[in-house]
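Enquirer: Dropping a structure here in structure tokens format, bear with me for questions.
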Amino acid sequence: MNAFRFLGDMTHLFSVLVLLLKIYATKTCSGVSRKTQELYLLVFVARYLDLFTDYISLYNSVMKIVFITSSAAIVWYMRRHPQVRRTYDKEQDTFRHSVLVAATFVLALIFNDRFTFREICWAFSIYLEAVAILPQLVLLQRCRNVDNLTGQYVFFLGAYRAFYILNWIYRYFTEGHHSRWIPWIAGLVQTGLYADFFYYYFLSWKNNVKLELPA
Amino acid sequence: DCLPAPKDEL
């Protein structure tokens, strides 16, 4: 495992833990899109179905379990916790996430490595992950004033994507494999979605002012 | 050389 992949995994892990701790400690989830969190839970469950069939490494298995349980915990807090659920911006979080699920599932049925249950689930999870942040980005834009932790959550998620692309470039040159185009294209789309957010995040950091997205 | 990259990432 190269350093880019490891840093990507760590920023990914950190983003989820930041969000979970924010919700746990403050008992609020304002500014957090429940739809995005549910999409991520679906992404993790669909992709990590191989947890019990294919063993890669202890590291991989532990990380998979952590990602599934932490995103399930976030969704549970937002749906069930008596205090947290009341702070959810339901009226603002209106993105039609079922459309994303349906569209990416159809895409996975058409473009996959093999037409098997596992491979379709894998391709579906890759496509869905690429667009799962959309409800969150829309919600951030509606709320305008982004609180620090939510901003950091999206920042770390974006950093994870950037590191993964560096990881693929590194692997392309150091390993003899030919690239899989499904994660490449989906990964580039996914990283591109953060470009706008990164720009405003950088500005707010440089000018040392609170992050505010344009309407 | 022609093998596809393994699915060993998260």
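Think of each number as a place in line: the chain as shown, counted from 1.
Cβ coordinates come from backbone N, Cα and C, glycine included.
For reference, TrEMBL lists these features for the protein:
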SIGNAL    A:1-25  signal peptide
TRANSMEM  A:58-78  transmembrane segment
TRANSMEM  A:99-116  transmembrane segment
TRANSMEM  A:122-140  transmembrane segment
TRANSMEM  A:152-170  transmembrane segment
TRANSMEM  A:182-202  transmembrane segment
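Give me the local environment of each listed feature.
Expert: Within its own chain, the transmembrane segment (A:99-116) is flanked in space by residues 39, 42, 122-124, 127-128, 130-132, 134, 180, 182, which lie at least six positions past its ends and keep a Cβ under 8 Å from the stretch.
Long-range contacts of the transmembrane segment (A:182-202) within the same chain: residues 111-113, 123, 126-127, 129-131, 133-134, 137, 140, 151, 154-155, 157-158, 161-162, 164-165, 168, 211-214, each at least 6 residues beyond the stretch ends and with a Cβ under 8 Å from a Cβ of the stretch.
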Enquirer: Taking a Cβ cut-off under 8 Å, which residues six or more beyond the ends of the transmembrane segment (A:152-170) line up next to it in the same chain?
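Expert: Answer is 2, 4-5, 7-9, 11-12, 14-15, 18-19, 22, 32, 133, 136-137, 140, 179, 183-184, 187-188, 190-191, 194, 197-198, 201.
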